[in-house]
Amino acid sequence: MRKAIIAGNWKMNKTVDEAVKVVEELKPLVKDATCDVVVCPTFVCLDAVKKATAGSNIKVAAQNMHFEESGAFTGEVAPGMLEAMGIEYVVLGHSERREYFNETDEAINKKVKAAFAHNITPIVCCGETLEQRESGVTNNFIACQIKVDIAGLTKEQAEKVVIAYEPIWAIGTGKTATKEQANETILAIRNVVVEMYGKEVADKVRIQYGGSVKPNTITEQMAMSDIDGALVGGASLKAEDFSGIVNY
């Protein structure tokens, strides 16, 4: 059985004080959670949030990182810096990074490998546009992403990857894929992992759904065969809302 993982991507929200306040409110609400609980604050909040989660069951993720160890990359953060802070996860290849910062699958693959080199678990995002969904090319498009994003890993690394399926048309729009659509696409993603690394590895890979996840939609999504969690956006900014999802 794969253990569910629910992560809250705060995006570019929350000052340090606000971030710590949310975590302090969240801790008692999710202390009995049966899934892995992860929060993804901005870089400036990582240290304070990491300290605030000490002794709790809440893990901390960065929202991005560079693939190089150090150097003249102004504004970037190296994987070793995150490792030194005790950061457990990193979100890579989010559609907003791909769209606004022109991130390529090749760069994402370098980041995935760098994350593993520094004992950080990557949460690798993939997903299609509405145009691609309506044209019937969703599975082909996502397969192309995944085949590059997680290429060249050992089987031990591959089985630890978390994949987040986020239909771009459902992010922040209030629209959400039906539980059947989400499960069908996630099953297709798992089959790509089977092709790449074999069934034994694919059966261990946790695949989340993301895209306007709310407390009132999570239960039916988590009941599906291949959905192993959620990457939550706006609904993770309030402790009460996020705990309602975590405690599905």
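Indices start at 1 and increase along the chain as displayed.
Glycine too: its Cβ is placed from the backbone N, Cα and C atoms.
Source: prediction; values computed, not measured.
Features of the protein shown, as given by Swiss-Prot:
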type	residues	note
BINDING	ASN9, TRP10, LYS11, GLY172, SER212, GLY233, GLY234	substrate binding site
ACT_SITE	HIS94	active site, electrophile
ACT_SITE	GLU166	active site, proton acceptor
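Across the structure, LYS11 (substrate binding site) and the residue listed as 'active site, proton acceptor' place their CA atoms 15 angstrom apart.
Taken residue by residue with DSSP, HIS94 (active site, electrophile) is part of neither helix nor strand, so it is coil. DSSP gives ASN9 (substrate binding site) a strand state. Other than ASN9, TRP10, LYS11, GLY172, SER212, GLY233, GLY234, the residues of this chain whose Cβ falls within 8 Å of the Cβ centroid of the substrate site are, in sequence order, ILE171, VAL232, ALA235, SER236, LEU237. The secondary structure of GLY234 (substrate binding site), as reduced to three states from DSSP, is helical.
Here the C-alpha separation of TRP10 (substrate binding site) and the residue listed as 'active site, proton acceptor' works out to 15 Å. Distances between the Cα of the residue listed as 'active site, electrophile' and those of the binding-site residues ASN9, GLY172, SER212, GLY234 are shortest for ASN9.
Around GLY233 (substrate binding site), the C-beta neighbours below 8 angstroms that are at least 6 residues distant in the chain are ASN9, LYS11, ILE171, GLY172, GLY210, SER212, VAL213. Between the CA atoms of GLY234 (substrate binding site) and GLU166 (active site, proton acceptor) there is a gap of 14 Å.
The Cβ of the residue listed as 'active site, proton acceptor' has HIS94, SER95, CYS125, CYS126, GLY127, TYR209, GLY210, GLY211, LEU231 as same-chain neighbours under 8 Å, each 6 or more residues away in sequence.
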